[in-house]
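Colleague: Sequence annotations record features per position, and here TrEMBL assigns transmembrane segment to A:52-81, A:125-147, A:154-172, A:202-219, A:250-270, A:290-315, A:327-350.
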Amino acid sequence: MTRLIDLRLGLFLAALFAVTVLAPLATTLPSTSALNLPSYLIPLMGKYLCYALLAVALDLCWGYAGILSLGHGAFFALGGYAMGMHLMREIGARGVYANPELPDFMVFLGWTELPWFWYGFDMFWFAAVMALAVPGLLAFVFGWFAFRSRVSGVYLSIITQALTFALLLAFFRNDMGFGGNNGLTDFRDVLGFSLSAPSTRIALFVLTAVALAGCMLLARAITISKAGKVLVAVRDAESRTRFLGYRVESYSVFVFTVSAMMAGLAGALYVPQVGIINPGEFAPANSIEIVVWVALGGRGTLVGAAIGALVVVALKSWLTATFPDLWLFALGGLFILVTLALPNGLLGLVDRLKPRKAKPATEVPA
Amino acid sequence: MTPGLIGAPLNVAQLYLDGVCRSFDGFKAINGLSLAVEKGELRAVIGPNGAGKTTMMDIITGKTRPDEGKVVWNGDTDLTRIDEAGVARLGIGRKFQKPTVFETHSVEDNIRLALKAPRGVFPVLFDRRSAEENRRVTEYLDRIRLTHLRAETAANLSHGQKQWLEIGMLLAQEPQLLLVDEPAAGMTDAETMETAELLKSIAGERTVIVVEHDMDFVRALNCRVTVLHQGSVLAEGSLDHVSAREDVIEVYLGR
């Protein structure tokens, strides 16, 4: 029987737990201490964990069900916009134009009333539900049409890419009502807590870590269930699965929707920590980068996806600061390296370096 | 033949194809094919390459829609309106020509996924392995003689073992009808004969249609034979009967 928490996941969760406890503690140390962690690093780490969660979401549908989505950034951004809309409403009359009802950009555009699709976002719970429901619903409808028409492989990847590109163009437009080019920003607080307060930052960071751990456990539970085995079966021999009586499209829609909701959750946690959401999050290149994270870490492992995201994003932070021109070359180079030399990613490399386990006696031919 | 009238009366035909046509880019792969198979029957379908054997299976199993004609299951269900999964759920199992198993799953999991059970996403998601299920898995593994390889990854099986595993998966589905496409391909003579014995033992309880090229294998099945040629039935009867016919010899056996 496969265990929910195997060695790899156990080690990862233990490390995540340690960081989640120690990092906030380290910010309270005196600034003269060598172990002091500047508190501005907490939201940065929280942002990294959001990316790790996004990578886990993609790995669930790509690594296990073989659905290579090149548009997962769209689900992430939609979750982010849902939370951003709430944070905009929470600014209230403290905006530049001091309009209690309308966010600044609407006043600036000369709008007199709130568009209907902004209704309800003044309530946190509504925004939180929408952050999951909107990406989930989009994935469900999109997946239902795509999988029912048996669109798969590279064609599916291309239309997911088109999806995120179409949303990019739409969200750039001022008359869409989402702040156009500038997106949503200048947030003040969430649930009454100031976003710039160290305690709020720590709470958001801890919440992100809990969400990451929870989603990894959920994803793991799905993949080790019988349905998870069906997903792998679809990936490896789709028609065999159909002829066994499984409706492949139902399974694909299910996992695609769950994955999109996880991506939406990651986006919703990302926005308050980063302080802005703009249409750039829909950029096709963002979605492709997620694929590189998962490929680098090792697809179909969940833990590898999270590690891949953390490694690549840390590398990106360092490279864009020290050698800004090199980043895209490094990203491309990494992808080539992984494709040619590390087909199973970093975790695959770890497995290869480990001495092989002796085969259990049951496998000896009788 | 008048459309709608076929050789066997409806009440005994478990599967009955009536005037089925299907063309691909103008080529008539199936051309007015009519065929009736009785419940519990073992039937061999032979014919030269391009005779339409695999297309016939694709039509029965819902993979390909015919341009014309009906495929009637148990006298009341038209299979041409149902997708592959729906056809499988009605109790029609199919084995491919090339052994197709889930390579990254263990032998045991391959059987487990095939076991007759609800197929919807949520019942499967919350399915918990029971002792009863393990017993059934063992039963099928014993029958295909792969019990000792239970935990082995299916990718590591030999070609013949994969063929057997796929047959085991087919049995685990507990289908009423098994469609078996060239089961003896790539098997040794001994394995071929064992497979023939296995299929004969299944027939009676279940209906079995075997598409095969290997004449020794068809002879070992010792059953009614349908010869397909250019997408329709050329001859039907015992192997001795059909192989004595001039037209059959000309298109197939004589080459």
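Backbone N, Cα and C atoms are what each Cβ position is placed from, and that goes for glycine too.
Distances, neighbours, how buried they are, the whole picture for these features please.
Modeller: Outside the transmembrane segment (A:52-81) by six or more residues, the chain places 131-132, 134-135, 138-139, 152-154, 156-158, 160-164, 167, 171, 178, 184, 208, 211-212, 215-216, 219, 222-223, 228, 231-232, 234-236, 251-252, 255-256, 258-271, 277, 279, 281-284, 286-288, 290-291, 293-294, 297, 299-302, 304-310 with a CB less than 8 A from a CB of the stretch.
Long-range contacts of the transmembrane segment (A:125-147) within its own chain (CB-CB distance under 8 A, at least 6 residues past either end) are made by residues 74-76, 78-80, 82-83, 85-86, 156, 159-160, 163, 248-249, 252-253, 256-261, 263-265, 267-268.
When Cβ-Cβ distances below 8 Å are used as the criterion, the transmembrane segment (A:202-219) is approached by residues 4-5, 9, 12-13, 16-17, 19-20, 23-24, 27, 42-43, 45-46, 49-50, 52-53, 56-57, 59-60, 190, 193, 258, 262, 265-266, 269, 272-273, 302-303, 306 of the same chain, each at least six residues removed from its ends.
Sequence-distant contacts of the transmembrane segment (A:290-315) (same chain, six or more residues past either end, CB-CB distance under 8 Å): 8-9, 12, 48, 51-56, 58-60, 62-64, 68, 70, 72-73, 212, 216, 219-220, 223, 330-331, 334-335, 338-339, 342, 344-348.
Beyond the ends of the transmembrane segment (A:327-350), by six or more residues, the same chain brings 8, 289, 292, 294-299, 301, 303-304, 307-308, 311-312, 315-316, 319-320 to within a C-beta distance below 8 angstroms of the stretch.
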Colleague: State the non-local partners of the transmembrane segment (A:250-270) in its own chain: residues 6+ outside its ends, Cβ under 8 Å from one of its Cβ atoms.
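Modeller: Tertiary neighbours of the transmembrane segment (A:250-270) are 46-47, 49-51, 53-54, 56-58, 60-61, 64-65, 67, 69, 72, 75-83, 127-128, 131-132, 134-136, 138-140, 142-144, 147, 204, 207-208, 211, 215, 218-219, 222, 227, 230-231, 234, 277, 281.
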Colleague: Cβ under 8 Å, sequence separation of at least 6 from the ends of the transmembrane segment (A:154-172): give me the contacting residues as numbers and ranges.
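Modeller: Tertiary neighbours of the transmembrane segment (A:154-172) are 67-74, 77-78, 81, 142, 146, 178, 180-181, 183, 279-280, 282-284, 286-287.
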